[in-house]
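K.L.:
Have a look at the structure that comes next, please.
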């Protein structure tokens, strides 16, 4: 029997580093009829995220200030690469650069990111990575977590799409808390992504925020 749903949602992943979150997404979508990662872009030509993509047969691209010193040209190059790949959803997985206005405009409501806390807590400019976990511990918080949110022009201010709580243990340090939150981030992103793509294929959603 033929599948009455539409084609899989075409996803582009943007990453800057080792790519462990991207690898989790790549592995989860390989057997999914609902999602297809068509492109992985990094601002770092030696990033592990590119190697994860290559070993899985996914197209890769390096775009950065080195390839395009002018910010406007870089924004245009990324927008054109996403369009050429037929990208319908952009996933930031450890991407450490701010997106340009053209990319954000052309993919409004369809760019998502994860954050290692329960937004709006511990979000905003300068709050990323271990800075977040250190702030959580300094405040004596008993619960933190992970968020998936829509990316806008302002850091961490887009609509929150999904969250998962992570308890803060009395003996936690930054490293131990980071380990548990990162695991929750990956699981949360994959679960949200597969659910969103399944709904999108069946015409029951308009953008990542609905």
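Every residue, even glycine, has its Cβ placed from backbone N, Cα and C.
Quick paste of what TrEMBL says about this protein:
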- 10-191: domain 'Formyl transferase N-terminal' (DOMAIN)
- 66, 113: (6R)-10-formyltetrahydrofolate binding site (BINDING)
- 115: active site, proton donor (ACT_SITE)
- 156: site 'Raises pKa of active site His' (SITE)
K.L.:
To the nearest whole angstrom, state the Cα distance for the pair the residue listed as 'active site, proton donor' and residue 156 (site 'Raises pKa of active site His').
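P.N.:
So the Cα of residue 156 (site 'Raises pKa of active site His') lies 8 Å away from that of the residue listed as 'active site, proton donor'.
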K.L.:
Tell me the Cα distance separating residue 113 ((6R)-10-formyltetrahydrofolate binding site) from residue 156 (site 'Raises pKa of active site His'), rounded to the nearest angstrom.
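P.N.:
Counting only the Cα atoms, the answer is 9 Å.
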K.L.:
Over all shown protein chains, what is the count of other CB atoms within 10 A of the CB belonging to residue 66 ((6R)-10-formyltetrahydrofolate binding site)?
P.N.:
11
K.L.:
Going along the chain, which residues six or more apart from residue 113 ((6R)-10-formyltetrahydrofolate binding site) have their CB under 8 A from its CB?
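P.N.:
Same-chain residues close to residue 113 ((6R)-10-formyltetrahydrofolate binding site) (Cβ under 8 Å, separated by 6 or more) are 91, 92, 95, 148, 149, 151.
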